[in-house]
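Asks: According to TrEMBL, the protein carries these features:
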DOMAIN    6-496  domain 'Metalloenzyme'
BINDING   ASP14, SER64, ASP437, HIS438  Mn(2+) 2 binding site
ACT_SITE  SER64  active site, phosphoserine intermediate
DOMAIN    84-294  domain 'BPG-independent PGAM N-terminal'
BINDING   ASP396, HIS400, HIS456  Mn(2+) 1 binding site
Amino acid sequence: MEETRQKVILAILDGWGVAPPNKSNAIAQARTPNTDEIEQNYFALSLQASSMAVGLPWGEEGNSEVGHMNMGAGRIIYQYHPRITEAIRDASFFKNEALLNALSHVKHYNSTLHIMGLVSCGTVHSSLDHAYGLIELAKKNNVKKFAMHAFTDGKNCAPNEGARLIIELEKRLADFEQRKVSSVVGRLYAMDRNRDWESTRVAYELLVNGVGNKIDNAPKYIEEQYKIGKNDFDIDPAVIGNGPRIGENDAVVFFNFREDSARQLTRVFVESDFDKFARVKINNLFFVTMTAYAQNLPVSVVFPPPIIENHLTEVLSENNLKQLHVAESEKYAHITYFFNGANERSYPGEDRKLLMSEGGPYYDKKPQMRAYDLTQIIIENIDAYDFLLINYANADIVGHTGNFESTVKAVEAVDANIGSLMQITKTVGAVLIISSDHGNAEEMYDTKTGEKKIRHTKNPVPFYIVGKGFENKSKTALFEQEPKGMLADIAPTILD
């Protein structure tokens, strides 16, 4: 008997977690007739999407990078954060060849070691413990010229934590001649991943040419920025005192471990043929990245990526199945690089469709983002592919703004598009699998204090299967059920 295969659509509702329906739950407060129908009438359960279930330390929130990597790999992938932290604990960090070579470089040229990265209470893109490890490394090796450049968060951490965190950071700099951070700027500028090269230029000009506000006290300056309506996300660039700038013969260590938001700024420094804006390439700059931000970048890497074989994309390709991966630019790296096991290559039979995100960086002004356009791509191409992957960024990206009303609209836009996917699924006899990489929009503020929550959550995420044979009347809401799996279970389910 000839084996029959059904087309499978995997829809990832980024930032869509499972939680009790209260006033801070934008998903529960939204009108979601399509996902409500699915939960009540089709196969539905919840999956663990945080902590050790996705290879993160116990009690840590999930994130998009980790979620997509676990989904695509079909197994738990232990992440950079615990890997680097363990290296600091067992002291192998202080013997790392890439780091020691950077120290040798600045000693040989009597130049400056620059440390730069996201200063955050979260651990999605970086860890302050890793910055502290680098400071300790510099002390142990008697580095004389040292500069710290701080990028404030406001997205994966409370929006006004930057001033406090820099006070703590500067306590660690007391043994250096430069006892204060040398510069400060919001991640809006330093960590753009949406090809907004003007934002990246602002960060580069600060770090290299000292273009920014001239200040004496970074925490005080940040507090003043709060008073004029800024938060850590969009702190204007500032140079503290005579803080060293990155120049000839210096070394830089970029301590972010998450790749996608560190690529653009790194490219400006290291690519000889960089052409996105005018800049003079710095001679003899020794550039180190904590992880491999992209293939073929001329940098030294402290922690190379793990080799992840037999991930879903690779297995489908080896079986001559055609697949289409679709997302807007805010999540494009996730449905390609991360979903494909931290691998940038496109596999035979794998096609990709990218739509540029519109309305950023403050996406609450356009909460529907590109959801409708992405869905149309799936509808127009479903006949040509065996597996179609789509990411809806709305609940996560708009949720990060802290705008509750806009996040409700974002959720409603996603639900409307799920309705369209349901229709095409029924028309062609496909199977629609719906899940999420982590929570966010289901906890928008603290119900006791009213304080906004703009970071990810530790909540489980939904897992639905829509299609003939998967009808299942449920009387128990997902938030009342215990999770019955983890993100790593999705790929084997698709293959089954």
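Yeah, the Cβs are placed from backbone N, Cα and C, and that goes for glycine too.
Heads up, TrEMBL stuff is auto-annotated, nobody curated it.
Worth saying up front: this structure is predicted, and the values here are computed from it rather than measured.
Where in this structure would I find these features, and how exposed are they?
Replies: Here the domain 'Metalloenzyme' (6-496) has a mean pLDDT of 96 out of 100.
Under DSSP, ASP437 (Mn(2+) 2 binding site) is assigned to coil, being neither helix nor strand in the three-state scheme. For ASP437 (Mn(2+) 2 binding site), other Cβ atoms within 10 Å of its Cβ number 32.
Counting every protein chain shown, 28 other Cβ atoms lie within 10 Å of the Cβ of SER64 (Mn(2+) 2 binding site).
Long-range neighbours of HIS456 (Mn(2+) 1 binding site) (same chain, six or more residues apart, CB within less than 8 Å of its CB): GLY15, SER50, GLU61, GLY62, ASN63, GLY122, VAL124, ASN156, ASP396, HIS438, GLY439, ASN440.
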Asks: Name the residues of the same chain, 6+ apart in sequence, whose Cβ is under 8 Å from the Cβ of HIS400 (Mn(2+) 1 binding site)?
Replies: GLY15, LYS155, ASN440, ILE454, ARG455
Asks: Would you mind listing, in sequence order, the residues at least six apart from ASP14 (Mn(2+) 2 binding site) in the same chain with a Cβ closer than 8 Å to its Cβ?
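Replies: When sequence neighbours closer than 6 are ignored, ASP14 (Mn(2+) 2 binding site) has SER64, LYS331, HIS334, ASN391, TYR392, ALA393, ASN394, ALA395, ASP396, ILE397, SER436, ASP437, HIS438, ASN440 within Cβ distance under 8 Å.
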Asks: Report, as a single number, how many Cβ atoms besides its own are within 10 Å of the Cβ of ASP396 (Mn(2+) 1 binding site).
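Replies: Total other Cβ atoms inside 10 Å, all chains included: 30.
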